[in-house]
Amino acid sequence: MKITVVGTGYVGLVSGACFADVGIEVVCVDIDQKKIDKLKNGIMPIYEPGLEEIVVRNYESGRLSFSTNLGEAIQDSEVAFIAVGTPPGEDGSADLKYVLAVADEIGKTMSDYIVVATKSTVPVTTGCKVKEAIQNALDKRKSDLPFAVASNPEFLKEGAAVEDFLKPDRIVIGVEEERAEEIMRRLYKPFQLSGDRIIYMDIPSAEMTKYTANAMLATKISFMNDIANLCELVGADANMVRAGIGSDPRIGNKFIYPGVGYGGSCFPKDVKAIIRTAKTYGYDLRVLQSVEAVNEDQKHTLVKKVKKHFGDDLSGMTFAMWGLSFKPNTDDMREAPAIVMINELRAAGAKVKAYDPIAMEEAKEVYVGDKVTYCDDAYDACVDADALLLVTEWSEFRMPSWSALGKLLTNKVVFDGRNIYDRKYLKEMGFEHYGIGI
Ligand code: UDX
């Protein structure tokens, strides 16, 4: 079986490499020649555990290839996945120009039946628009070639993308005809999912499923952040409350960790986009509007605590920041709460010394620039700093030497944005500890 994957971002590259790894012939296509050249040389555009190995292995075996020529790639492909970006437009809705340009190109160049499946997170009704774009291009050629559209949203998590793709919880496939369903069934067969974990449905439902999943997860986080803030006021411990409610299987113990707010490429964008979609249908998604508002506020929580401790004017002070990426095991800085915190600390007159195991290059190049001093390691960031802010819970930050830190920091104060430290122990070590909801 041969397939084409268009777009070599997170979703496209991981999907392409993983499909190749189970024996499928995959061509990954991107318009960015530089990116394609780098991939051919084993240079990954993103940091993702296990990705390089799987890409290089399959490229060397010939099952995975890279190209900028979409028309050539889709010849003999049974499926073409569209996995290009859907950046948010100014009004929060997803911009479909890249998706539709790919659909148009497929219509212009296809020479046989093909299933065109969207893998990017696309708003409901995109399936129809993709179909229309392909049909228009075919009409211009005066061609009556048959094709099908499908929606196959991707649920992988950054930092665990390869693992998630190879061992998915479930696969959602929106299709409207049997021939396409049969092809998708064959494609996913090697992943040996039991029948009930491949869920077939109509295309709008598949598109809605993706947004609903991300919106529900974002809701859990904002809900817990809201509750954590109340816990602080009433003298309760949000960690205890979390453990207490998480043991109810109807609630579950995952995704209820209070913190500095969610970031990343999916939750902020998808919550905005679904609110926007609802608005165009004259409906107000009130819960999600609050989810978004709570999240925006939550990004300020840690610096508020800093100001409560040191006063609003932080001029002349320096803060160590551990972690910049929006979560561990990724260099992704998109919508990272660290960016908001850095700006806020600087606006109050403070300097920031930052360390992140992977994301410093990305932060410096695109998101933070020279607003902070980048440090060689976690301890280096603390030299003569007035306090430590833990922003991203990378493993290497979990058990630092507090006695060493005590000597480096000017004040023994820790602002723990992810509740990873034991307050009692820190107190014994002479540290003051601030957490979220505790
Ligand atoms: C998410 C979804 O999990 C994934 O299924 C979808 O395909 C894409 O969006 P990702 O953006 O990679 O994946 O990150 P995820 O691990 O879900 O974390 C999102 C954010 O929520 C992070 O900023 C994280 O720190 C935060 N979070 C997560 C919390 O604050 N508390 C939690 O309990 C869990």
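Every residue gets a Cβ built from N, Cα and C, even glycine.
A TrEMBL annotation is a machine prediction, not a hand-curated record.
Record note: TrEMBL gives F155, L156, K157, E158, F255, I256, Y257, P258, G259, G263, K327 as substrate-binding, and the candidate from K108, K210, K371 in that site is K210. For the NAD(+) site, TrEMBL gives D30, K35, T121, E158, K269, R334; the one candidate out of T4, T86, T301, T318 that the record lists there too is T86. Largest Cα to Cα distance within the recorded NAD(+) binders D30, K35, T86, T121, E158, K269, R334: about 24 Å as a whole number. Spread of the substrate binding residues is 24 Å (greatest Cα-Cα distance among F155, L156, K157, E158, K210, F255, I256, Y257, P258, G259, G263, K327). Taken together, the residues of the domain 'UDP-glucose/GDP-mannose dehydrogenase C-terminal' (320-423) have an average pLDDT of 98. Secondary structure at K210 (substrate binding site), taken from DSSP and collapsed to helix, strand or coil, is helix. Comparing K35 (NAD(+) binding site) with K157 (substrate binding site), their Cα atoms are 22 Å apart once rounded. The Cβ neighbour count for C266 (active site, nucleophile), using a 10 Å radius and every protein chain shown, is 24.
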